[in-house]
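**Q** According to Swiss-Prot, the protein carries these features:
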{"type": "DOMAIN", "residues": "9-277", "note": "domain 'tr-type G'"}
{"type": "BINDING", "residues": "18-25, 86-90, 140-143", "note": "GTP binding site"}
């Protein structure tokens, strides 16, 4: 086996998905702790303690205790090299999360065991279904009072339509949480309270019938034996093939805050989750074992380092090996670029990448030429598909407090729209600037970032826009006629793409009927 294949086989690239507040950022912290990347994990709540969670690294996230942007972290675990993408749990940032899920080979789904399956989890699972992404499940918060574990698994099976195979099973919960039984290893791992910031050196008791178990946990031992008979009869056995097809999920129980059960998940991901997978392009499927380099950009982040006022494009490597100083072909603009300063990430800590392999995420410095969805190759004219921009659902007019700063405002808005967090539209026949977003929180984020990063103070005003659609036509004459007749509803987005800005849904439907040769698109790929 070649050294290249060994490197590809080692990679595990996954994202964590959950409903807000299910404990996703805490799990990210603990996963890093096991990867020896952090000696003492920061907690998300109690932000005044100064020990902020490592993956929530933008100022605004630190203030609010929510993850707004996708963080990327790489760390070794056992014989694997893990690339973990932490996605925003907050609802308004679903586009960012959606695009992140195009860059991973498996997902860890985190569920709050007191609440069960929640709305956001359902939506995210629909996205993973599009590519049959394998899912590992973690039932979190066992150190609190929880719902019945069998009931929780039934809910996952019925609502998310995926079979559950328990790998670990909880013994007690809340103040009486004693630990878990590992079904595949036939061993009980005991929980120690108050070890949330360090790796627990847990006591392990081999075998359900071991008398040591009765000594250690008293009557819970017999309850566990009785329960296991029921569980084994009522649940699925783990089946690797079904897992890889996205039909079955291994289920682990634990508490991220108490740092218990996280290593069990990591063991499962390293053992079962797939190596980097082939990727679809407009020409063919690209295999990870191909020698020529290729990759696509799924995210752009401005001002990762306020000291440098920079923008970084996050690229998933799909095939070949990145080497410092190599020449890449930027397919959309048809230019070759030399890349000598790509970055690897430890959540905001950036290091220069010496080399990168399929499954790795590298950062390219972006001076305004790279867009979300762009493909880079070693010359081949192919384009990876499936990294969309979505039409926003909410709109506001944005206005300056100081009219002399129009230039800075436009620059800031265009850069923020390149990140895909919001979209900016410039109407063809007015000087207005319209901001479009998926949710209200995004509007707040934009005003705050304009102020802190671009020194521009802006306010919003209501505007009668119901929706926007990107417009195209194969018939250039018909497009010109459409532009002439509908100019008061047309705008250019941040990438200068023609967009129809509809005041009402009725107006949009009438226009679509009136102009059958014009395509009104809800999504757009670069």
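For all residues, glycine too, the Cβ spot is worked out from N, Cα and C.
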**Q** Within 10 Å of the Cβ of residue 18 (GTP binding site), how many other Cβ atoms can be counted across all chains shown?
**A** 24
**Q** Tell me, roughly as an integer, the mean pLDDT over the domain 'tr-type G' (9-277).
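**A** 85, rounded to a whole number.
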**Q** Determine, from DSSP, whether residue 18 (GTP binding site) sits in helix, strand or coil.
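**A** Strand, per DSSP.
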